[in-house]
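The following features are taken from TrEMBL:
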type	residues	note
REGION	176-200	region 'Disordered'
COMPBIAS	183-200	compositional bias 'Low complexity'
REPEAT	213-254	repeat 'WD'
REPEAT	255-296	repeat 'WD'
REGION	686-714	region 'Disordered'
Amino acid sequence: MHRVGSSGNTANNSTRPRKEKRLTYILNDADDTKHCAGINCLVVLKSAVSDVSDYLFTGSRDGKLKRWSLGDDAATCSATFESHVDWVNDVVLVGDGTLVSCSSDTTLKTWNALSNGVCNRTHCQHSDYVTCLAAAEKNSNIIASGGLGGEVFIWDLEAALASKCNDIMDDENSNVINGSGNSKSTTALRSSSSSNSISLHSTQTEGYIPIAAKGHKESVYALAMNEVGTLLVSGGTEKVVRLWDPRSGSKTLKLKGHTDNIRALLLDPTGRFCISGSSDSMIRLWDLGQQRCIHSYAVHTDSVWALASTPSFSHVYSGGRDFSLYITDLQMRESVLLCTGKHPILQLALHDDSIWVASTDSSVHRWPAEGRNPQKIFESGNSFLAGNLSFSRARVSLEGSTPVPAYKEPTLTIPGIPAIIQHEVLNNKRHVLTKDSSGSVKLCEITKGVVIEDFGKVSLEEKKEELFEMVNIPAWFTVDTRLGSLSVHLDTPQCFSAEMYSADLNILGKPEEDKVNLARETLKGLFAQWLIEQKKRTGSPASANGDLKDIATKCHAHSGVEVDGSSENDAMVYPPFEFSVISPPSIVTEGTHGVPWRKKMTDLDGTEDEKDLPLWCLDCLLNNRLPPRENTKCSFFLHPCDGSIAQILTQGKLSAPRILRVHKVVTYVLEKLVLDKPLDNGNADGNVAPGLAGSQIQHQAVREGPTRSGSKSWQKIRPSIEILCNNQILPPEMSLATVKTYIWKRQDDLVLNYRVVQGR
């Protein structure tokens, strides 16, 4: 505790510091074989060998893809593909086993479909979310991608693989192709809010540049390509179907008819017919040779988001926002309601006589579809005529004459984990209350990545009030649930603002009054495996990582940030910060390389360096140094209570750490009131202490120090002191920050009063 001078206006000639890169960690569920958010896309890989199972690939809003081995009555997760840092929006299979995915992280990624989930290559070209993909079935090299930026690119995967790019990751498992052929060198990885965004810095390279199909002025939501890759169709918010020549990227045709966004497209194998589904609830069949719509089908009562067709293109399956799956005979213009679910349908994949349905739920369902002989479904007699006008089906629905579903239950369900949809950070800034889509409320400890307690289906707000603690700890992290689980974001220097005493964290073997920085200890827990692997590879981290230390120090020096090197070097991971290796969190961040990446904590192999990790993070882990932090002190005035005869200690302002407890202020007052010297025999009976002359206060004698041989023990008089704020007596264990937040309740400097308690 020390005095501070009065504040005044000071000149600030420093330049604005650059934005440091963020580090995020995602808390994974104990059962990592399941998705924990809506399924945006799926695709089936048919086995060429009869005794080998087929595979289903699913891409989710949790940022992961999964491969499922399909049996007659079961589906087993055989691999998880984890590299995207945002929603996986679409996935296609090309060639003999190459999986291509696209994401809201603005990238495309290629994978070996039958591998253990390692990403082969990352393609960076889009400037916004990549929403859709299309592949040429008989040309395994050609795919197309479209996104919210109005961009459509045609990729030659073989040429991309063969290209020599200067911007390739030094990682044996992942290569990045950044083909920024335009003047934009920076793109943004968007999140649910601007405060939760991560920047993706792209640089122009001499790598492979895909063909740009220029013409869309607005977002693209749907793509389709004929089997030989000579025709591409696209649709989006412009409400028109555009035709392109993928070989040159030139547009050839524009078809009008829909009155709202186009969300799904199909092309027949020959490229003559096109089917489109729209948010205007209509399905349209186009003859591209005649350049016109030849049929309209009013089947749904809301937006059509997903389409799939039989191999002969005679029937189309459709789903969307009305939770319903229909099959429509394109020639006879008849439709049958196959089933109705509980969630909007996002994508469909036909599999022999079944159809897989992806929705905003984390589970995937398989329904009967009679794909080989769809006419069987119409023999039940539950069909209805698909009219030309969109309001016709809506009118029938309002009148209560809705069709009867042909099937009540799916033949197989791949269950998911309910997505977290709501959260509340508790006052201790270590616990977070979550509520998932099933209504279950749980308490999570983010510094360990575990669920402490499952409260079941209770009120989140009431549980938050029940768990309220009158403590004040700075907000050292932010949280979002965009991926269906808790994503904890750390931004420097704010993340290093929170400290607690080791006694409050129940850390055994550490002095009770040692201050523990929550972010630093959390980083040590997250990167414990990384530090172990690095030591195995290089011997001693202290000597082997000198270059990293130099880089980190130079980074801080360059940005004008002073490095605090006073912290004790302590490599131990304390129990409150030990993350589970059974369900390890996933780390999402980026280094100087400029491309965000995602890995499980236990998959870090020690090779990650400044190209992969933020320099401030490396400086904390390797050098145990923290950047200067703001608002770690609390300024206050200390005065005697009104009417008190005790001496006034100081007229100035005092400053102390925010976490300083009230009993420390009591000690400070005692040190100023009582002379630190032995008392003579005349004063040993407890008379008034010097400095409090004239007061009629009883005192308690406190023995201090050892008894000296051959001399009498000495004592000093110690009065009982109470500290007050706003006339309220403060508990000794309360911190100054808590006092200011809950007792003082003002923005100006805290005012504390002290008084000597009589009769104690």
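Backbone N, Cα and C define each Cβ position, glycine as well.
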Problem set entry | Secondary structure content, the repeat 'WD' (255-296) (per DSSP, counts of residues) | 0 helix, 25 strand, 17 coil
Seminar exercise, completed: Across the repeat 'WD' (213-254), DSSP yields 0 helix, 22 strand, 20 coil
Seminar exercise, completed: On the repeat 'WD' (255-296), the mean of the pLDDT values is 95
